[in-house]
């Protein structure tokens, strides 16, 4: 059961919808469908945010995006290559999918701030997925540079969605700095290792007053469902779909998984027990079952 | 004069504007942003912004990623 939360004793059960500061707000929603994700005041019917990296072609990417039902999708900013035909922007534009530029590839706050400003100029959006990595081998986010960049971008009027480790303290500091969401990783980008520390994801969810988006590490549909069961507001993934043998089919699976996990979260899971609890009425001694 | 465009040293005519440098690379202007010496040059200013010797010009667009 790799990735499943451990029992946490008297403090309650992981994944219980009633824990956390945001339980009552969500309790009004009767159903995972029709309960919108609200990010920086904007509503999204889908809680699946897609990345576009890794797709073998724009055609395959388009099919996967259609199957995913996503309404918000990331792109990266790179030097213009005039020899490249077609643009990921066309794929998104044709589908009415909102573009979320990222700062992937940046190692310093300065690089990330410039990249965000270039993205704002190129794409006409002040939203940015802030991503400042520490090294090429792990692609793990650098918390110091990320926080520095977040402060500068918030001051410059950006809607900042920072990619971070599964660190509850940093998540809280970034929220206080004015970020519109926090995006903790499940495991390293592209690793497919799922959610390595579900307890920390729960701690982030419990404390957060902004949406929590599980970002990076999702390998298959159950990972996405678990993220939602833990109380995340949305899931961002790319490689799990774009590098799957059949991207369109995996995208459909992710769409279902996010919705199933959301519904389970809202429904409130039963407590984990050490022993059985009969689901049929008890048989009284000497009597007969009804 | 010598400038660097997307990391490649180039020889351009004195007085070349950002708009002229971009139009040499692509006919499209949508979805593109330009920085000169790490400062964003807004699209509205491309035609009026002249490059100087040694300027580092970055012309970026959105690609698949994330």
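Each residue, glycine too, has its Cβ placed from N, Cα and C.
What TrEMBL lists as region 'Disordered' is A:1-33.
The domain 'Thiazole synthase ThiG' annotation in TrEMBL covers A:39-281.
According to DSSP, residue A:129 (active site, schiff-base intermediate with DXP) is assigned to a strand segment. The Cβ of residue A:129 (active site, schiff-base intermediate with DXP) has 28 neighbouring Cβ atoms from other residues within 10 Å, across all protein chains displayed. Look at TrEMBL and you will find A:129 tagged as active site, schiff-base intermediate with DXP.
DSSP classifies residue A:216 (1-deoxy-D-xylulose 5-phosphate binding site) as coil under the three-state reduction. Feature annotation from TrEMBL assigns 1-deoxy-D-xylulose 5-phosphate binding site to A:190, A:216, A:217, A:238, A:239.
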Euclidean distance between Cα atoms of residue A:239 (1-deoxy-D-xylulose 5-phosphate binding site) and residue A:129 (active site, schiff-base intermediate with DXP), Å: 17
Recorded positions near chain B, Cβ-Cβ under 8 Å, from A:129, A:217, A:238: A:129, A:238
Candidates A:190, A:217: member of the binding-site residues with the richest Cβ shell (10 Å): A:217
Residue A:216 (1-deoxy-D-xylulose 5-phosphate binding site) CB neighbourhood, other CB atoms within 10 A: 28
CB within-chain contacts under 8 A for residue A:238 (1-deoxy-D-xylulose 5-phosphate binding site), separation at least 6: A:50, A:51, A:52, A:53, A:54, A:74
